[in-house]
Amino acid sequence: MSEWWKEAVVYQIYPRSFYDANGDGFGDLQGVIQKLDYIKNLGADVIWLSPVFDSPQDDNGYDISDYKNMYEKFGTNEDMFQLIDEVHKRGMKIVMDLVVNHTSDEHAWFAESRKSKDNPYRDYYLWKDPKPDGSEPNNWGSIFSGSAWTYDEGTGQYYLHYFSKKQPDLNWENEAVRREVYDVMRFWMDRGVDGWRMDVIGSISKYTDFPDYETDHSRSYIVGRYHSNGPRLHEFIQEMNREVLSHYDCMTVGEANGSDIEEAKKYTDASRQELNMIFTFEHMDIDKEQNSPNGKWQIKPFDLIALKKTMTRWQTGLMNVGWNTLYFENHDQPRVISRWGNDRKLRKECAKAFATVLHGMKGTPFIYQGEEIGMVNSDMPLEMYDDLEIKNAYRELVVENKTMSEKEFVKAVMIKGRDHARTPMQWDAGKHAGFTAGDPWIPVNSRYQDINVKESLEDQDSIFFYYQKLIQLRKQYKIMIYGDYQLLQENDPQVFSYLREYRGEKLLVVVNLSEEKALFEAPPELIHERWKVLISNYPQERADLKSISLKPYEAVMGISI
């Protein structure tokens with residue numbers, strides 16, 4: 001099989017917020033089809049489509065009730081088949097979201113499973129007796145807060161759910177479950193789907209003795225090491241590869257929650273025949289206070305040195321073994337320039353700076369819809385947020401446990417809430433940013449009149465065209481894909497600089513990720529190199545990259561000549 005995914009750039013679509021073709025306020029598959037030429041113009045090769053399968057939408061489609069049919073608001077299977085064909089006509093590929101750690105509680109399998117203890121589908125899920133006092137089987141927590149166990153009156157047992165109680169976890173120990181999953185994968189791949197992004201795949205293998213976490217009793221329920229990397233994880237993925245993936249020329253990326261580099265090597269070492277890539281979370285947690293009862297909502301200031309060290313550890317750790325994904329944004333993360341940068345006066349420079357850091361690295365870049373026009377976090381009030389995670393966290397942290405004040409929580413949500421990524425795509429300065437002729441399912445970002453696709457395409461200096469050029473450079477220079485990576489100036493608190501080397505060529509990336517001026521001094525071994533500037537986000541007069549006085553958020557990429 002070819003390794004086309006190494007040279008690809010992926011564009012992620014969150015369909016409910018991308019483009020609404022029928023005016024019901026909800027993005028749809030025909031809307032995606034209508035905007036394919038826009039994505040092609042950007043230069044992306046692969047579209048990753050967030051879940052479109054039938055679902056009660058408790059967790060925006062990550063709770064699937066039917067893996068072989070579309071959710072009606074997105075369209076029909078015929079619309080999906082048309083989308084696959086239209087993507088392929090343009091020389092692009094399409095990857096779907098595979099959500100098989102859990103289903104919806106409205107899936108036919110679970111409806112059967114909960115009927116009785118001897119139902120043939122009982123072992124499709126994880127059922128346990130209560131403790132003698134009637135409480136949960138153990139102290140495992142749900143990632144969406146509260147217990148990971150919900151009591152079912154009908155059969156007097158608890159079922160396990162790492163996410164919401166409407167997302168019961170599948171029992172991967174049961175071979176019949178695995179066969180069902182492989183059948184779903186073949187169904188879509190036989191119709192042209194080019195691969196999978198595998199949702200929380202790191203959690204499919206459970207510690208089936210269900211041990212309690214040790215606790216200091218500050219928290220009733222705990223999310224920790226037992227929630228991922230279970231004893232049969234890699235056995236299951238190797239079986240999936242053997243049974244399904246190895247029969248197709250496809251791309252696979254696993255959401256590997258709880259993985260360190262050693263775990264990542266197991267997933268991505270080609271000789272092990274598992275997955276092509278994984279998403280790591282480590283660099284996205286640099287602004288989270290570790291071991292806080294408030295989890296991701298206990299935020300600390302952006303620390304560039306920590307970001308550099310973390311990203312470098314992954315760049316060097318997987319070198320010659322596996323392959324990295326490169327991302328700052330997706331449907332679960334806020335807008336990077338609002339989170340770690342400047343989304344006002346220096347918005348354009350800042351967006352281009354973060355893009356330069358990412359696209360100059362080794363790995364497959366993922367662009368999230370709106371990132372390429374510099375979309376920013378929303379300023380909507382707390383009561384207008386739709387996300388289940390936010391609602392549950394508010395109840396647990398503010399109302400019940402009182403570990404955060406409402407003011408502290410609101411401030412954290414304004415920085416890190418997932419809905420910042422989920423507001424509608426901003427197409428133009430017209431009503432609802434051109435997303436819909438109806439009423440949008442979630443409010444449009446108030447800054448859409450200044451930040452939109454139409455404005456971006458009319459401005460040759462826009463963030464869109466900068467991304468387009470970064471992608472073009474990646475196609476032109478193999479060093480951007482295959483070059484080795486070396487961090488420079490690791491303890492500089494303002495400048496992210498690194499060197500790539502490939503077959504005698506050198507690529508230098510220098511980015512000021514601060515609002516102040518900064519200085520880059522080339523290390524001695526680069527003093528005599530001559531450079532050609534490939535791209536920069538300020539007008540460039542210089543030809544010499546040995547010593548650079550950098551403006552706020554200035555980014556320069558040069559190649560040796």
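In case you wondered, yes, glycine gets a Cβ from its N, Cα and C as well.
Copied over from Swiss-Prot:
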- ASP20, ASN22, ASP24, PHE26, ASP28: Ca(2+) binding site (BINDING)
- ASP199: active site, nucleophile (ACT_SITE)
- GLU255: active site, proton donor (ACT_SITE)
- ASP332: site 'Transition state stabilizer' (SITE)
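Features per Swiss-Prot, on structure.
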residue	record	contacts (Cβ under 8 Å, 6+ apart)
ASP20	Ca(2+) binding site	PHE26, GLY27, ASP28, GLY31, PHE435, THR436, ALA437, GLY438, PRO440
ASN22	Ca(2+) binding site	ASP28, GLN30
ASP24	Ca(2+) binding site	LYS73, THR436, GLY438
ASP199	active site, nucleophile	PRO51, TYR62, ASP97, LEU98, VAL99, VAL100, ASN101, GLU255
ASP332	site 'Transition state stabilizer'	ARG418, ALA421
For the Ca(2+) site (ASP20, ASN22, ASP24, PHE26, ASP28), what does the 8 A shell look like? I mean other same-chain residues with CB within 8 A of the CB centroid. ALA21, GLY23, GLY25, GLY27, GLY31, LYS73, THR436, GLY438
Near GLU255 (active site, proton donor), how many other Cβ atoms are within 10 Å of its Cβ? 23
Pick from PHE26, ASP28: which of these binding-site residues has the biggest number of other Cβ atoms within 10 Å of its Cβ? ASP28
Helix, strand or coil at ASP20 (Ca(2+) binding site) [DSSP, three-state]: coil
